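*Asks:* Right, I'll just put the structure down here and ask away after.
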């Protein structure tokens, strides 16, 4: 498609990497390709892997990329990192993501994409389940802040108690001024 003079011009100007015939044009030059530490697509080698754009597909060849191991459930589900979560928005995001990455939609794709689809779908299911229930959401928030409940301990605490603690912590984080602090202090003294 891009042969002859046009292809030679593109290669000479750095818009078309040498040795990559039949691939889509990259929107960067060869100099930025050489020194970049951005993730590359496993399929076409293009820049813009899971940390750019929609984080699921290569912007060049649209191949499904592996899950980003550094992404937390809140960012995946497009929620604020807070105990209060809009469950309707969470459900819509869950459905949107499953339409993107569910394994049923990748049956005719490469084995890599099938495997990535299964991993993405599992992570989306786990994120949805975790953020939907207040207790698991609170425990996940604690984990993100470095507080982890060890295995074998009785962490089946009263969900109402956990909810109250998380709400007090959020009020403390949002408190503006001495009056708000005194109000929170009186709530704590009255409750505990």
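Placed from the backbone N, Cα and C atoms, the Cβ positions cover glycine too.
Checked TrEMBL, it gives:
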type: DOMAIN; residues: 39-65; note: domain 'HscB tetracysteine metal binding motif'
type: DOMAIN; residues: 157-189; note: domain 'Co-chaperone HscB C-terminal oligomerisation'
type: SIGNAL; residues: 1-22; note: signal peptide
*Asks:* For the domain 'Co-chaperone HscB C-terminal oligomerisation' (157-189), find every same-chain residue at least 6 residues outside the stretch whose CB is under 8 Å from a CB in it, and list them.
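*Replies:* 82-84, 134-135, 138-139, 141.
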*Asks:* Pop the mean pLDDT for the domain 'HscB tetracysteine metal binding motif' (39-65) in here, whole number is fine.
*Replies:* 77
*Asks:* Report the DSSP secondary-structure composition of the domain 'Co-chaperone HscB C-terminal oligomerisation' (157-189) as helix, strand and coil residue counts.
*Replies:* 28 helix, 0 strand, 5 coil
